[in-house]
Amino acid sequence: MAVVRLPDGSERVYEHSVTVGEVAASIGAGLARAALAGKVNGKLVDLSARIENDSDVAIITEKDAEGLEIIRHSSAHLLAHAVKELFPEAQVTIGPVIEDGFYYDFSYKRPFTPEDLAAIEKRMAEISTRNLKVERQVWDRSEAINFFKNQGEHYKAQIIEAIPGDEDVSLYSQGNFTDLCRGPHVPATSRLKVFKLMKLAGAYWRGDSHNEMLQRIYGTAWTNKDDQNAYLRRLEEAEKRDHRKLGKQLGLFHLQEEAPGMVFWHPKGWVVWQQVEQYMRDIFRNNGYLEIRTPSVLDKGLWERSGHWENFRENMFVTQAEDREFSVKPMNCPGHVQVFKQGLKSYRDLPLRLAEFGSCHRNEPSGALHGIMRVRAFTQDDAHIFCTESQVQDEAVQFIDLLQKVYNDFGFNDILVKLSTRPAKRVGSEEQWDKAEEALRSALNHKNLIWELQPGEGAFYGPKIEFSLKDSIGRIWQCGTLQLDFSMPERLGAEFVAEDNSRQIPVMLHRAILGSLERFIGILIENHAGALPLWLSPDHAVVLNISEGQADYAREVTEELRRAGIRAYADLRNEKITYKIREHSLQKLPYQIIVGDKEVAAQRVAVRTRSGSDLGQMTLPALVDRLKEEIRTRAGAA
């Protein structure tokens with residue numbers, strides 16, 4: 001007999017063991033038709049999973065987030081099935097769910113083409129209409145390895161060989177296609193109706209450039225056409241906002257092959273950079289941070305003591321000089337500990353907040369680079385707070401206040417928060433972890449924030465809070481971090497004199513608000529579609545004369561604006577005014593100041609915003625006041 005407890009608190013008693021699908025059918029025919037999978041005692045399982053004992057059971061449908069994930073995972077297998085039917089010699093490797101979709105990696109003798117992609121998608125639709133039953137079986141490990149080797153699927157055999165001995169080897173079959181997977185999957189291929197293949201890319205097997213380059217096919221899958229169409233519209237909008245395209249169009253920066261993952265900032269782009277950096281410098285200065293500067297190249301020995309050499313070596317740029325091995329720093333924390341160690345510190349000196357616009361380099365795989373969003377050379381608004389355990393909560397609260405102010409000033413008001421707690425492998429005592437997690441949890445609750453718990457997702461050296469922004473088209477960008485560290489201060493010999501004269505090790509809080517300045521500027525460009533708020537714009541205004549007769553007055557107006565601290569320039573070219581207006585509108589310039597004979601006679605200017613709004617004539621002092629107020633309040637784009 002099995003007692004099944006449902007999410008609404010009701011119970012159902014079954015005389016014999018029962019499958020999840022049978023539970024759904026006993027509740028109602030409608031639920032049985034809608035069911036995709038189940039959750040038994042918190043674990044996702046197939047509808048065919050058998051319930052032998054008393055259990056908590058939930059039926060998963062497409063209305064559940066897990067339901068959509070199962071649809072996407074099953075769609076990845078549908079993709080692999082279609083590829084094997086069309087290209088029997090292709091080898092399948094892995095096909096996970098990703099944000100908004102899935103991908104599958106294949107090994108094949110020639111590159112897939114866009115025409116292949118269309119044919120594969122068509123075959124996926126055909127397989128869906130066959131309504132093939134999807135069945136799970138647990139296989140003997142050696143039999144599964146031999147099965148895939150006999151099929152010529154050597155990558156699958158490798159994957160099985162790497163599965164821990166205490167885990168089941170589960171295979172899923174639909175028609176004549178069998179794949180390795182933990183599951184769960186939809187019960188039949190007919191449940192997969194809304195999908196689209198998106199693009200092709202390359203990917204190394206196991207992410208190692210020494211291995212074969214595989215072909216990755218990306219796809220998306222949804223529960224209904226409306227959701228898919230909305231997603232495709234978002235993609236179109238994101239394409240228009242692509243910071244790489246806008247960076248070139250607006251003359252902000254460029255990248256080139258001779259310096260992969262490293263940005264060439266142009267004058268206009270560097271103005272934006274300086275505005276962001278100076279804003280953050282003021283934030284540091286006004287909130288008790290001491291700005292420092294540490295070396296970019298440090299001896300291998302320091303990286304060995306910090307643990308980076310063992311855990312991060314493959315991402316570090318290494319060089320040699322005078323028989324010594326050095327690394328360009330991938331992060332700033334070891335250098336900050338060295339500054340803390342200079343001179344004996346007392347508990348009265350804590351908390352000590354050290355900040356740096358730290359220039360870091362990481363040897364990211366070339367395939368992972370993406371404009372200025374994912375680079376090899378970047379600058380962080382980095383800071384480390386050295387404090388006692390009892391100070392952690394107050395420091396966390398102050399940091400959250402600061403982070404919210406910064407994000408609001410940059411126009412981001414929708415912030416997602418996640419707290420990651422102790423992983424299985426960790427340093428520090430249970431008491432330390434209890435105190436640290438409670439301090440961060442209390443700080444979040446003190447600020448009345450809605451936050452998500454991520455059990456076991458903390459770093460081995462301490463729990464952390466992650467802060468993500470939602471942009472104007474609904475995309476999520478993880479930027480801010482507050483990371484507690486029990487390990488590095490001890491590894492690098494940091495200590496302070498406590499009130500009882502004992503030597504103690506400080507807690508170290510790694511914290512960043514923007515993260516990488518390059519990436520954050522990329523986010524700003526895409527969030528505003530290139531039309532940055534006035535205070536961040538490379539130029540605030542351009543002065544346009546209608547004809548040669550107003551050139552001198554246009555120069556005077558430009559000089560007055562510059563003297564008032566407005567970033568302005570004059571366009572005195574002998575072109576039609578409509579041509580000049582259009583050209584500067586495409587450059588997303590916030591204000592166009594137009595002067596003709598009427599404006600010269602009245603000693604006024606005609607003002608137009610980049611959105612096309614005509615503000616009419618106004619005096620120059622009135623215009624200056626308007627611009628200064630907009631800059632002061634960091635108002636949105638004109």
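These residue numbers are counts, starting from 1, taken along the chain as shown.
Quick reminder: no glycine exception, Cβ is built from N, Cα and C everywhere.
Fair warning: this is a prediction, and the values are worked out from it, not measured in the lab.
When the candidates C181, C333 are compared with the Zn(2+) site entry in Swiss-Prot, which names H384, H510, the shared residue is C333. Looking only at the region 'Catalytic' (242-533), the predicted model's pLDDT averages out at 94.
Neighbour counts were taken at the CB atom with a 10 A radius for the binding-site residues H384, H510; the maximum falls on H384. Packing around C333 (Zn(2+) binding site) is summarised by its Cβ count: 21 other Cβ atoms lie within 10 angstroms of its Cβ, all protein chains included. According to DSSP, H384 (Zn(2+) binding site) is assigned to a strand segment. Same-chain residues that are not part of C333, H384, H510 yet have a Cβ within 8 Å of the Cβ center of the Zn(2+) site turn out to be M331, N332, H336, V337, D382, A383, Q483, D485, M488, M508, L509, R511.
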